[in-house]
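Enquirer: According to TrEMBL, the compositional bias 'Polar residues' annotation covers A:1-14. Residues or ranges marked as domain 'ABC transmembrane type-1' by TrEMBL: A:71-273. The feature region 'Disordered' is assigned by TrEMBL to A:1-20. TrEMBL lists A:30-49, A:70-97, A:109-130, A:142-167, A:254-273 with the feature transmembrane segment.
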Amino acid sequence: MTTWTSTPALGTSRRTGRDPAVVPGGLPRWAFVPAALGGLFVVLPLVAMGTRVDWTNYWGLITSESARAALALSLQTAATSTVVCLVLGIPLALVLARGRLPGQSLLRSLVLVPLVLPPVVGGVALLSTFGRRGLLGESMEVLGLQIAFSTTAVVLAQSFVALPFLVVSLEGALRTAGERYEVVAAGLGAGPTTVLRRVTLPLVWPGLLSGTVLSFARALGEFGATITFAGSLQGVTRTLPLEVYLQRESDPDAAVALSLLLVAVAVVVIAATHHRGPSR
Amino acid sequence: MTARARRTARVTAALLAATSVAAGLAGCGPGPVAADGTTLTVFAAASLTEAFEQVADDFEADHPGVDVRLSLAGSSSLVAQIQQGAPADVFASADTTTMDELVADDLVGTPQDFATNTLQIAVPPGNPAGVASLQDLAAPGLRLVVCAPQVPCGAATAATVDGAGIALQPVSEEQSVTDVLGKVTAGEADAGLVYVTDVARAGDQVDGIPFAESDAAVNTYPIATVTDTDQPELAREFVDAVLSPEGQAVLAGLGFAAP
């Protein structure tokens, strides 16, 4: 709880804060040049976009009816997707980190696929599953459930792309934490559910938190799978990234203003997770 | 070899486009320039893909050593790229409004209209929802997909629907006409409003239903040379090739009407 690994998301167990190789002065000087370029590469486009913003009309641009509808829908769907990710992702990470099932490494690879898949491909895959003529879609249609073009489709698309972020973060944290305390607790007579609730989850809490925030951020930024699978209708499926993409066509100023709004949300989200940052 | 180089350029352009879309921000990256010979870069609306590929092949056959590179995207995106200084020699737009933006900025020469296109109803093969007219699209429970009013096909849709005095309740307003067509071919939508040429392009994946009210919104395609081109003569020749009887025959074969 007191110590954060700086990269729990990647599942490394190295506590970089204590690694002598990265103490200032121990670092080769040449490394600062590409490091500075790398930082600039990320920051410069964001600053450049800031210079394009029509500040005098900014408030009007981000509070238009369509912008408010898109923001509200984005926050609502991203929050719902995060819950879906937690419900499905925590057990999945536990199984991957602690289970001893055959084919587990294959399962891990498969779960991580959406991480590297272009989201539009994810959209096509979801369409093949939940679409009207999809694998499950046909039976759902019979039951009167229509997924495509609904807000549910947006949540499915976002959960699909965001789930791996939670699983990777949490699994890394679980592996780093090890099983010592769990073994002790079990030896003292605690049942598996008690061990999970009282020992395991509190131990990996920082990893779980950062995984949650990462999946929320990923869900909030989801574009490709949504536009392919869910469609685009104000207040129903047109989330903020889709609204930005559409506004580019007719109102570039609005597109830039809304982009900056998304950047602001992203910064707040990241600041919230790294607030208690890596221990020094 | 020219055809292959052109294909490579096209794939590169597609990859660049995919990258910029993935990044969530539109970027305009010029593709690689052919090392040998002359390259003519043509920016054309996405709906012109097949037509301009054929015209470009014919043009290359008539002009040995000339490599025509096609950059195909939504007209609005192409206008934005040209305004940012993208290296284009010729620009063909899917509507006069977007072309007029470049005319106003003095970025292109005098545009010439070379084709027109009208809307048609696209339905999945067999027309499961039994759509027969524009009025049928307003039926409750029908899953209709149209273009968003911000893009040219959506503006045409709005003009047509307003003229006919009906109100549509689409389940989705897509970013491009290709997205609308995709939702129909996938069977997700019961009907979509697309261009005649999109129905022709989709082959037997969709059925097209013409309707009289489509005359209310005839889309005109203008073409012009870009002012900053390094090869104005060659650019002019490409425009002439599109306007020539051969070029017009290619367009007509793909469902376009004459202006």
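Even glycines carry a Cβ here, placed using N, Cα and C.
Keep in mind that what you see is a predicted model, and the values were worked out from it rather than measured.
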Enquirer: By a Cβ-Cβ criterion of under 8 Å, what residues six or more beyond either terminus of the transmembrane segment (A:109-130) are in contact with it?
Expert: 92, 96, 136-137, 140, 147-148, 153, 156-157, 160-161, 163-165, 167-168, 222-229
Enquirer: Near the transmembrane segment (A:70-97), which same-chain residues lie under 8 Å Cβ to Cβ, leaving out any that are not at least 6 residues past its ends?
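Expert: Hits for the transmembrane segment (A:70-97): 62, 104, 107-108, 111, 151, 154-155, 158-159, 162-163, 165-167, 170-171, 174-175, 196, 200, 208, 211-212, 215-216, 219-220, 222, 234-243, 258, 261.
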Enquirer: Going along the chain, which residues at least six beyond the ends of the transmembrane segment (A:142-167) come within the CB cut-off of under 8 Å?
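Expert: Apart from its flanks, the transmembrane segment (A:142-167) reaches 9, 73, 76-78, 80-82, 84-86, 88-90, 92-93, 96, 111-115, 119, 122-123, 125-127, 130-132, 211-212, 214-216, 218-219, 222, 225-226, 229-231, 233, 236-237, 239.
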